[in-house]
C-alpha cells in the first residue's frame, strides 16, 4: 500500500500540474474582465456618521479650522523644486553623515559604512494648512501641518568581516505640526536672524526597513518598540518648550545695536590751555561724545577767563560696543559772537578700560587726530578725566548649557523679579513701535511724544497715515529704579503747511513703570485716551548695572 500510494501521488502531481497550467491560461486569455465602477462622490452633508469618521483624518485643516490658511501655491512651489531640493538635501545628508560613519570604522569589526543609494524619492512633502500668529514681538510665527508619504530609496551598506550587509529604508511616512519662528526681525537681509523650530505635538513616523531581503519591522513587538522610541527621542529634543535653533545672521549683527553698559565720565580739570582771546584768557568748556552714538554731545559748564579750569563734572554715556567704540574729547573756547575756537582734542579707546575699575587719564591735547603731522609742535595743555565702565547684568542663558540649536528651552517674554532690579542705577529704554487707527479731525501726520521726568523726546513725523510705524528707541539713564513713576506718551499730528491749527492731539496714554522694573520688560499695545479706536504699541525695558 505504501508503494502504491507513492506511485499514485507522483502520477497525480505529474497530471495535475500541466492540467492546472492549461486551465489557468485559458481563463486568463478568454475570461471577460468585470467593469470597474466609478467611485461615488457625495457632499459631506450627505455622508453618514461612519463614513465621516473614516475620512475625517484626511480632510485638510483649512476646511476643518478657519484659523488655518490654504497654501496650494506653496505645495506647487515645493513640487516644482523637489528634484533640486532632493539632490541638495541628500548632498547635505552625505556630508553630515560621513564624519559620523568614520567614527565607527574599526570598531565592532566594521570595515566600511557608506550609502549605496540615497534619494528622497519623487513625492515631496505637502502642507495641509498653515496658521500664522500675530504677536507684539519682532518675530514671525507660523504653524504648518506637514504630511509626507514618500517613496525614498535609501540603502546603507555595511562591510563587516568582508561581508556586505545592506539595510534599506522604504515606505516613509511623517506627519507633524511644527511651530516655526523667524526672530528677531532685523533690517539686514534676509531680515531675520534665527529660525527657531519646535514641535507642538509628538510626530507620527512610520517606515519599513529591509535587512537581508526581509522587512524586520514585521517582527512582532519590534514595530511598536521602534515607534515609541522614535517619538520619545524626538519629544525630548524638539517638543515645545524645547526648540531647535538655526542661526542665519551673525549674532554680532543683531547684538551690536543693544546697549551693554554705562560709561561714567568725570571731567576733572584742564591745565595750561591756549590763550585764544586777544584781551584776556580763554573761556573753556569740554564736549564729549562716543563714536557711533547718534545722541548730541555732552557739555561741561563754561568757566570764564581761566586757562587752568576745574570742572569736577560727571556724565553718563551708553556703551554699545566697548571693544570698538572711542570716547572723543574736544575743548573749546566760548565766544559770544561767531564760532567757538577749538583749543584741542583727544581720543580714548574704551578697550583700555576694565569693567568696574576707575581709571584716570592725563591727556595731552592735540590739534587733530593725525599723529603723523610733525608741523604741529605747539603745546595745547592737558585734560584730566576719570573713566569707569559699568556693564549691565547679563540675562539668563539657554537651557542646561547644550550646544547651539539642540534641546533648548524657549524662554518667556518677561523675566522674574529680583532684588537687583529693585535697587541701583539702570537704563530705561522706551521703544515706540507704531500706532493703529489714529485719526485727526484736520490732518493725519502723526508723531509720538515721550515725556518722562520733564524730558521730552519725539519720533519722526510720518505724513498722511493712520497706521504709522516708527520703531524708534529713546533711553533714559537713572540713578534709581522708577518704581512709583509713570511715563507719558502722546500721539500728535502736525500740519505741514501754514495754519492756525498746526498741532492736534490724536490720543495719549500713561504707563506705570512698576511692572517694568519688576519684570524687566513689557511689550504691549495700549488703547489711546481721547481717541476713538487708536492703539499704540510700546516696548519698555529696564536694565540694571
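Along the chain as shown, the residues are counted starting at 1.
Glycine is treated like the rest: Cβ placed from N, Cα and C.
Features reported for this protein in TrEMBL:
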- 6-29: transmembrane segment (TRANSMEM)
- 67-249: domain 'SMP-LTD' (DOMAIN)
- 240-363: domain 'C2' (DOMAIN)
- 407-526: domain 'C2' (DOMAIN)
Request  = Averaged across the domain 'C2' (240-363), what pLDDT does the model get? Just tell me the whole number, please.
outcome  = 87
Note = For the domain 'C2' (240-363), the DSSP helix/strand/coil residue counts are 8 helix, 59 strand, 57 coil
Remark   = The DSSP breakdown of the domain 'C2' (407-526) into helix, strand and coil residues is 9 helix, 59 strand, 52 coil
